[in-house]
């Protein structure tokens with residue numbers, strides 16, 4: 001266990017070091033300084049020189065705000081969360097929305113859904129339930145190198161549906177490195193060293209990629225999906241339920257994990273090592289070290305099952321009862337969070353209750369503020385008339401094949417998110433796609449869903465996602481290798497996303513992809 005802890009610490013340090021390399025003592029990097037000036041400059045130039053006859057002044061003003069905020073999001077001139085507070089200042093100044101209307105978007109139901117999801121995830125991490133779940137899955141799947149690789153991917157993918165992909169990968173990487181070290185230590189005379197090296201590269205990448213892929217399984221798995229839910233409701237007044245998305249998301253995750261596993265094992269890092277020396281023994285040893293399931297783990301497990309059941313049954317059960325007919329996914333998330341705050345812990349030396357308010361220090365408040373800023377900006381775009389004007393301008397695309405538009409959007413967002421924040425990317429592009437759907441005469445989810453899913457999928461560069469940074473920080477993979485392997489995983493993801501959105505999603509959600517929805 002000491003080795004496990006040592007490597008977890010090492011990964012954390014390398015992960016943090018990777019991100020801190022670009023941070024100099026200067027208050028702004030060159031790119032940030034350019035963005036800091038360019039954002040307000042675009043705002044002023046738009047107000048002064050852009051005056052289409054059919055766009056009211058309020059629409060011009062919101063377009064100017066959007067350009068300013070988008071520039072600061074892309075360049076990270078100031079922290080992304082801080083940029084997301086600009087609508088609170090700028091929208092009332094232009095008399096687009098009242099302060100009350102703007103502020104209410106920062107307390108939207110979907111924000112509380114994500115808040116509750118984070119609290120549940122932190123409870124799992126606090127009492128180490130996620131480690132037990134991961135090790136149990138790996139132990140059950142098998143001992144061959146192929147099965148160990150698959151076991152790590154399934155375990156990481158499952159965890160990242162409910163906890164952050166960063167936390168899932170941070171847990172799994174040290175276990176993977178410990179297995180690799182054990183294999184080197186117990187290496188037999190007839191074992192090919194190259195095969196072990198190929199296996200360790202494939203294992204490290206498999207963990208990182210599975211952490212990213214797993215987030216597509218549930219609405220709380222990744223921020224872009226929460227943004228999709230919010231923007232869809234904001235623009236069209238319809239809801240994507242937790243249960244219905246799982247019917248779309250989980251098969252997508254299973255297929256993507258399966259194909260990525262085959263690619264890593266038999267194409268990218270093909271090797272002849274069938275069994276890993278000491279691999280299965282080490283997994284069992286880790287499970288034994290955890291001991292019997294503790295009271296607190298059982299409580300969190302029970303609450304987790306309860307939350308899942310409520311989310312899954314809300315659409316077809318809770319809505320049928322008058323008392324619970326108005327319950328939303330966010331209501332359930334906060335209900336289970338409050339239960340975690342109420343239930344006492346037995347190990348009071350560690351914590352008095354399953355969750356206490358110390359959890360506030362671990363919550364990603366910046367992400368929640370970003371959600372609110374995106375929703376406030378979307379409301380401003382709608383209320384100012386900018387959305388309708390954009391729709392009119394995009395009507396020239398009417399007649400273009402919808403599948404071609406979906407392909408272009410998916411590939412564009414996939415590669416854009418390699419160098420920009422996936423959350424900021426989704427926040428910027430989804431309102432545009434909502435308007436585009438009306439212009440080209442298709443259902444909005446045909447364009448918005450693949451963009452949100454693609455925004456989550458970055459496999460090529462360490463800066464693409466935190467999981468990529470973590471696996472790069474392990475020292476087992478180079479940027480060149482990550483980019484070459486990740487490029488093909490990007491293309492695999494694009495193909496699967498397009499097929500799911502075009503052929504599976506319409507059946508599950510009961511929508512006609514050729515039927516546009518009117519903007520609110």
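Placed from the backbone N, Cα and C atoms, the Cβ positions cover glycine too.
Taken verbatim from Swiss-Prot:
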type: TRANSMEM; residues: 55-75; note: transmembrane segment
type: TRANSMEM; residues: 104-124; note: transmembrane segment
type: TRANSMEM; residues: 160-180; note: transmembrane segment
type: TRANSMEM; residues: 207-227; note: transmembrane segment
type: TRANSMEM; residues: 242-262; note: transmembrane segment
type: TRANSMEM; residues: 298-318; note: transmembrane segment
type: TRANSMEM; residues: 323-343; note: transmembrane segment
type: TRANSMEM; residues: 362-382; note: transmembrane segment
type: TRANSMEM; residues: 399-419; note: transmembrane segment
type: TRANSMEM; residues: 428-448; note: transmembrane segment
type: TRANSMEM; residues: 452-472; note: transmembrane segment
type: TRANSMEM; residues: 491-511; note: transmembrane segment
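Long-range contacts of the transmembrane segment (491-511) within its own chain (CB-CB distance under 8 A, at least 6 residues past either end) are made by residues 213, 240, 244, 247-248, 251-252, 255-256, 259-260, 263, 403, 406-407, 410-411, 414, 443, 445-446, 449-450, 453-454, 457, 459. Among the listed stretches 160-180, 323-343, 362-382, the one sharing the most Cβ pairs under 8 Å with the transmembrane segment (452-472) is 160-180.
Proximity of distant same-chain residues to the transmembrane segment (104-124), defined by a Cβ-Cβ separation under 8 Å and at least 6 residues beyond the stretch ends, is recorded for 87-88, 130, 162-164, 167, 219-220, 223, 226, 229-230, 233, 242, 300, 303-304, 307, 328-337, 340, 354-355, 359, 362-364, 367-369, 371-373, 375-376, 379.
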